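Here's what TrEMBL has on this protein:
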type: REPEAT; residues: 14-52; note: repeat 'HEAT'
type: REPEAT; residues: 91-129; note: repeat 'HEAT'
type: REPEAT; residues: 168-206; note: repeat 'HEAT'
type: REPEAT; residues: 207-245; note: repeat 'HEAT'
type: REPEAT; residues: 246-284; note: repeat 'HEAT'
type: REPEAT; residues: 285-322; note: repeat 'HEAT'
type: REPEAT; residues: 328-366; note: repeat 'HEAT'
type: REPEAT; residues: 367-405; note: repeat 'HEAT'
type: REPEAT; residues: 406-444; note: repeat 'HEAT'
type: REPEAT; residues: 484-522; note: repeat 'HEAT'
type: REPEAT; residues: 523-561; note: repeat 'HEAT'
type: REPEAT; residues: 562-592; note: repeat 'HEAT'
Amino acid sequence: MASGDVQSDESLYPIAVLIDELRNEDVQLRLNSIKKLSTIALALGVERTRSELIPFLTDTIYDEDEVLLALAEQLGTFTQLVGGESYVHVLLPPLESLAQVEETIVRDKAVESLRTLAPQHSTTDLETYFVPTVKRLAQGDWFTSRTSASGLISVCYARVSNHVKGELRQLFKSLCQDDTPMVRRAAAAKLGEFAKVVEPEYLRQEFVPLFTNLANDEQDSVRLLAVEAGIAMAGLFRHEDLEQQMMQTLRSATEDKSWRVRYVVADKLVDLQKAVGPEITKNDLVGAYSSLLKDPEAEVRAAAASKLKDFCNNLSADTREQIIMSQILPCVKDMVGDMNQHVKSALASVIMGLSPILGKDNTLEHLLPLFLNQLKDDYPEVRLNIISNLECINEVIGVRQLSQSLLPAIVELASDAKWRVRLGIIEYMPLLAGQLGPEFFDEKLSSLCMSWLTDHVFAIREAATNNLKKLVEKFGRDWAQNTVIPKVIQLARDQNYLYRMTCLFAINILAEPCGQEITQRMMLPTVITLAGDAVANVRFNVAKTLQRIYPVLDSSALAMHVKPCLEKLTQDVDHDVQYFASEAYEKIIEAL
């Protein structure tokens, strides 16, 4: 029996160490111990955890923020460790203390844990333990506790008695009218969530006035959160009540003096549109959207522009085209020439989505000129966004029409005098190829891609070889051997040694996607031929190419063609050629 006690004591020794570490001066040791809190609780058992560990934790709340953060997170998972849902309320005191600390991130984590624990309380325990905790926090002297209370009222509201519900609504009302902006901000952030669980009659009587007051608050940080709450609340009203109760406040938010509030309206406009329905959208939101598209602040215009496609799609089908053409498109035309690149980029990412909505004739007459302007924009992101969405317009006007209008602009950019512009277009080519398909690409853009291989700027030639690899991966090996490789091999006979080197660079990159059979049959003979080139730079690049492509080749090709070629190059008159040939030769010998 005595030996059993000794064993028991020994098994608890590590736990004693962990508990000692909770009191240690070293922050890291305390943090490690907090992270192992569940191990300590398991060893102590549920009774000792409830009677000793939790009170100890409640008394030692004064610590470094990272330790408190870890503690707040751990306590949210402690229900089974204190004996299940019947005892979950014993976790409330330490979390209540944590919900009052100065550091926001700790408070937020404590509130998150309390919100997790709320549904685990029985209805009786909610009223006996949880609601008093919320009341104490809501009536605390420090704003920190009152901000935490805002996030806890909605999670317990639905399951308490009518009398307690009335008290909770009154508490929330006092938080919305608090003298401290931080508390009002916290209440505004939870207004929409709480509105979803209150009864409809209180929604009209009590919550609409709260929303109106918060939406007219002197602090813009409160107003913008109130607008988000108002959009969430809008979905809870019938459309006829909505106009009467809330639209006036939401309308005025689109003209708020703070750009941050207008930004939130622009960002959430599609959600509001879905909540209010087509009639209010037509009467109120279309005008509001037009003014947001013309807003003096670039951030607001960019947010509004990014919603263009979704907003137009959600308009009522019978009036959609007329509204877009008369009210929205004029604003869009102005935005194409906007001074801010982020606005233009946001617009370019969605403007193509108008094509399916407006149809072929309107696209050709009104949208194509805008697309052409954007394709010539100074900012590469704007051009990329247009090219990456060509599929939308392709479906509406067809690939032939597309080739007559937009492709000349792309070809023009591809031959631009500024090499950086040419480089930008090369990077878009694989994207364009995927949208046009191989036949059309061969007809219109294949020769352009090959011409880049002989560009006078090395960066363009290098990008062109990488581009060929992506095209081969997209269109397949048959396309490569019929279209690309013959033109690459042709470069080996060019008068300019730089282009003969480009041929080798292209083979380096194409060998892997083209595979063994095509590489050995079509490309390897060209590499071997160039080993006899008069220019030393070409010869040592042959050695480098053979070193790069040898994993693709079979052993007979290595023995019959590659090894003799490299043996010859190791005896070359040029020292650089000898060096690279010897390096490649060693690799080949290892492979054989």
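Using N, Cα and C of the backbone, Cβ positions are placed for all residues, glycine too.
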(request) Using a Cβ-Cβ cut-off of under 8 Å, list the residues of the same chain that are 6+ residues beyond the ends of the repeat 'HEAT' (168-206) and lie near it. (result) 131, 134-135, 138-139, 143, 146-151, 153-154, 156-158, 160, 213-214, 217, 219, 221-222, 225-226, 228-233, 236-237, 241, 245
(message) Restricting to the repeat 'HEAT' (562-592), what is the model's mean pLDDT?
(response) 86
(request) Quickly jot the same-chain residues contacting the repeat 'HEAT' (285-322) by Cβ under 8 Å, restricted to those at least six beyond its ends, or write none. (result) 251, 254-255, 259, 262-263, 265-267, 269-270, 272-274, 276, 278, 328, 331-332, 334-335, 338-340, 342-343, 345-347, 349-351, 353-354, 357-359, 362
(message) DSSP-wise, what's the residue breakdown of the repeat 'HEAT' (91-129) into helix, strand and coil?
(response) 32 helix, 0 strand, 7 coil
(message) Going by DSSP assignments with H, G and I as helix and E and B as strand, what are the residue counts for the repeat 'HEAT' (484-522)?
(response) 36 helix, 0 strand, 3 coil
(request) By DSSP assignment, list the helix, strand and coil residue numbers for the repeat 'HEAT' (562-592), in that order. (result) 26 helix, 0 strand, 5 coil
(request) On the DSSP side of things, how many residues of the repeat 'HEAT' (246-284) fall into helix, strand and coil, could you say? (result) 33 helix, 0 strand, 6 coil
